[in-house]
Structures are given as structure tokens and as C-alpha cells.
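**Student:** Here's a structure for you.
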Amino acid sequence: MKKLDYKGYYFIAPFFLVFAIFSIYPILLTFYYTFTRYEGYGEPVFIGLENYARILTDTYFLEAFINTWKIWGFNFALQLGIALLLAALFSDLRFKVKGLGFFRAIFYLPNLITISSVAILFSIMLDWQYGSINQFLMKLGIINDPINWLNSPFTAQVSVSLILTWMWFGYTFIVLMAGVSGISKEYYEAALIDGANRWQTFIYITLPLLKPIMLYVLITSLIGGLQLFDLPMLLTDGLGSPEGSLNTMVLYLYNQAFKYNNYGYAATIAYALFLITVVFSVIIFKSMYRDVKLSKKRGNM
Amino acid sequence: MKKKNRFSKPIIYILLILLAIISFIPFYMMIVNATRDNKDILMGFTFVPGSSLIDNYKTMMEYVNIWNGFKNSLIVSISVTVLSGYFSALTAFGFAVYNFKGKNILFLFMLLMMMVPGQLGLIGFYELNKVLGTLDSFIPLIVPSIASPFVVFFLRQYLSSTMHPALLEAARIDGASEFKIFHSIALPIMMPAVATMSIFTFIGSWNNYIVPLVVLFSPEKYTLPVLMGFLKGSQVAQNLGSLYLGIAISVVPIMIAFLFFSKYIISSISAGSVKE
């Protein structure tokens, strides 16, 4: 047991000072605002639980909640599917697929670019009449008439989902590859000797051993996905058009606060968002972690 | 069996190349369109660049000085990276080396706060900066990075596995002060880990959109992501070539930097995700 040494306080003091002022105090202040009506000028007026009552019956918030899940969910399923397929290909022992470094870099590139640049780029490329994507698809003969991507709720949500997939599948692939490289080669060699085909190797070796990594990817992606903001904000008019289909929870929060000056209600949305994130993270973690433990036990038997 | 292999190999490569094309083609479209004038862009897409690059540049610069946004983004991101690297190392050292009252509780508290999303305190943060008079300045973008819980956590883990206590004892016997020990022994040891985290910190700060959007009002102070949104809503947007060029200028330097650093960036993603 080392003896107590007060000198440590000097080293951590700047961190906790700034942390208290710029992180904790704003969080507490925001919590206080959830009980008030506050338009950004004058004093906040205490109104008790009115904001909480409002959010429970707010159909716009419910809609934003559903939109966020739809957009994130479709994107995540697709993204994970592509990344798993790629990981399976690159971990194949029968023949070494060449160019891992090159493909990793190229697949990861979209993730590196400022999301707002990506959003503006796609907002003009998805234009109905003049957008390059329609022009390109028509040139290839995939479609005959231009699609009005950002004008109908369904295609707008699909567009955002696909852009997210485009941005993130490379990252997920890199993370999964890191997990694959941690799996002992002996498993694959043994499978090869036993005559397992590629599909069996993937289902019985790669997939179960990747579960902890997939859990990590799932939770980080969920937390990021529930905070979806930049793309929906910049792709259309910033208000969630068409027909509110791109209205996500954080976009709703932003507009309530900085467009309509409802700081009190926006603060309540922030806390609701936090609560939702925590609840779903815990649920996913609990259910997946139990699975991981079970499969580990089974593996030992 | 052999036949099957011969078959599937080309298919795999075709698939990979197709995905690579999908990853890259929006950027290619952007670069091509940045060199074409409005009329050409409206007429249809081609794979060949046009000749209006300089005209597009002139039109864009009439409305928006994109290099200014570039400079602002650089100032903010470099400051954030340096501050977060240095102070996180300092904090990690404090947690790893000394035993003091409340140490475990403070560390646990920091870890818990790591889970809290950035938007939770956004409104309070805005109000705080209003009171402090720091709205429309870089202070709310830079100073909070002194407290970066994730970087501290990562560096502390790194430090406790790489730095031997005997090293510190030896330095103390030689009469070095505690801060001298930090600067001349611990900081150099931590440098590889600091560099790894710096890449993430820099990209994160460079791509940050919502905080600058909320705290900055003057267009000459806009960082690049905010400037992009401003560009779309401005007169430039009527000239598609110029708009494409503006986006290209915000994107191409990052792509070039990535060419040189891709190995480090990719290995740091792998290092950050796999904890076993």
C-alpha cells in the first residue's frame, strides 16, 4: 500500500476545473431549464413538470424518435452486413485476397470527410433534375426517369441511410478486421482440415468469436446514430423536410432551442434523448453480453 | 473444389473493386463538376473534367472566402489537439502515479461522464458562454478540450502498462521535481499514445459541426463545416460549379493528408476498438 500523496491533485486540477465549468455545470444548468419556460432573454420561469408532460404527448418528438431509429437501423444492418462479408473474405485461408491495405484505406475515405461537406455534396448530387446521381444512373440505364430523392419521405430516409452506410461501412470493416486478426489461426486451420466450407467457417468460427467486437460496434453506432444531426440538417431545409421525415431527435432539439427559442423544452428533449440512449445501451449490452458469456461457456465444454 | 475457387476469386475482386468505386465516385463527381460551368453541369454528367475551374473559383471567392474557414478550422483543431494531448497526459500521470484521497471516485466519475452525449449540456453550455461573454469566439471550441475524459482514460491505461515505478524513484533520488519528472520522463513515454489519440482528436474537432454552429455568428469566424452550410444557403449555390469547388476545397486536402497518414489512422482505429 502506497502512502497518500497530495501532489496528484496538482496534476488533475486543470482537468477537473475545466470539466466542472464547461461540462458539469452546463449539464446541471440544462437540467434546471427542463423545469422552466425560457425564451433566451429575461429570467427562466419555473413551470414544474410541464415540459415533461409535453414531451410525453408530443407527436413531433415521437415522430423524430421513430425517424431516427428507422434511419439508423436500416443503415446499421446494411453496414454491418457489408463489413462482415468483407471481413469474411479477407480472413479466408484458402486464398489470400490481396490489397487489404489499399481497400481498407479506400473504404474508410468517406468517413474522414467533414459530414457537413458530405451533406452539401449529396444535397446537390441528389437533386431531382440536375443531380449527378440521377444523371449517372440514367446514363447506365438503371433508371429511366429521374427519382425525386429528397422529395418523398421514404426515399429521403433511404437516402440518409445509404449515405450513412457509405460513410461508415469502411470504419466498421476496419474494426471487425482488427477483431478477426485477433482470432487464432489454429481455428481456421483446424476447420480447413475438417473440410468445413467457407460458409461453415464463417458461421461457426468467425461470427461467434467476433461477438464482443460486434457488441462494441453496435453500441457505439447506436449512440452516434441517436445523435444524428448534420446530415438531416443540411440535406434539406433544416426543418426535417419532406413531411418531417428527416426530423431527427437532435434536429428537433436544435430547432426548438435555436430557431424557436424554446430553451426549456429543448433542454427536456436533451434529457429525454440521454435517457433513451442509456436505456437502449443497457438493454443491448445486457442481452448481448449474456449471449457472449453463454457462447464462451459452450466453447469451453 | 478447385474449380469453385477459380470461379469465386474473380467475383470477389469484382465485388471489392465495385465497393471501392462506390466509395470514391461521389468524390470523383465532385472534382469533375468543380471544373465545369453551370450550363454543362445542368446538361448531364460526364467523366471528363471541364475547363471552368478558374471561373468557378473567382465566383466562389466573390461571396465566400473559403481559405478563411480553412484557417479557422486549423486554428481550432490544432489548439484542441495540443491542449487535449498535454492536459490529458498531465491528468493521466496524476491518476497513474499518485495516491490521493478520492482518487478512485474521481476516476470513476470521469468514466461515467464519458458515456454522456455532447448534446445533453448544449443549452446550458450556450447560456454559460452568453454569461461569460465568450459567444462568437473560439474559446468555447478550444478551452473545454482540456478536459477530454476518453483521452485521459486511454493514456492512463497506457501509462500503467508501460511506465515502471523504479524510473520515477531514480529520478526523484536525482532530485528532479515532480513536474520535471512528468515533462522529461512520463511525457516522452506517453508520446506514441498521445499521437494516436491526437489523430482522433484532430479529426473529431475538424468535423465538429453542432457546437460551432451554435456559438459562432460572424461568417469570418466560421469553421469549415459551418461555412459549408453557409455556402449552400448563399448566392454561390446558384452556380453549381462554384458550390462543387467549395466542397472540393474543403475535402481534397483531407484526402491528401489521408494518403500519407492512412496507415497510422487505420492502426489507431484498430487499437482504439480492440481492448483485449
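Each Cβ is built from the backbone N, Cα and C atoms, and glycine gets one as well.
Okay, so TrEMBL annotates it like this:
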type     : residues  : note
TRANSMEM : B:12-31   : transmembrane segment
DOMAIN   : B:70-261  : domain 'ABC transmembrane type-1'
TRANSMEM : B:74-98   : transmembrane segment
TRANSMEM : B:105-126 : transmembrane segment
TRANSMEM : B:138-159 : transmembrane segment
TRANSMEM : B:180-203 : transmembrane segment
TRANSMEM : B:243-266 : transmembrane segment
**Student:** Which range out of B:105-126, B:138-159, B:180-203, B:243-266 gives the transmembrane segment (B:12-31) the most CB pairs under 8 Å?
**Tutor:** B:243-266
**Student:** Among B:74-98, B:138-159, B:180-203, B:243-266, which stretch has the most Cβ pairs under 8 Å to the transmembrane segment (B:105-126)?
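**Tutor:** Between the stretches B:74-98, B:138-159, B:180-203, B:243-266, B:138-159 has the largest tally.
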**Student:** Out of B:74-98, B:180-203, B:243-266, what stretch is closest in contact terms to the transmembrane segment (B:138-159), meaning most Cβ pairs under 8 angstroms?
**Tutor:** B:74-98
**Student:** Within the same chain, where does the transmembrane segment (B:180-203) have neighbours whose Cβ lies under 8 angstroms from its own Cβ atoms, ignoring anything closer than 6 residues to its ends? I mean 6 or more beyond.
**Tutor:** 77-78, 80-81, 84-85, 88-90, 92-93, 97, 145, 148, 151, 154-155, 158-159, 162-163, 167-168, 171-172, 261, 264-265, 268, 271-272
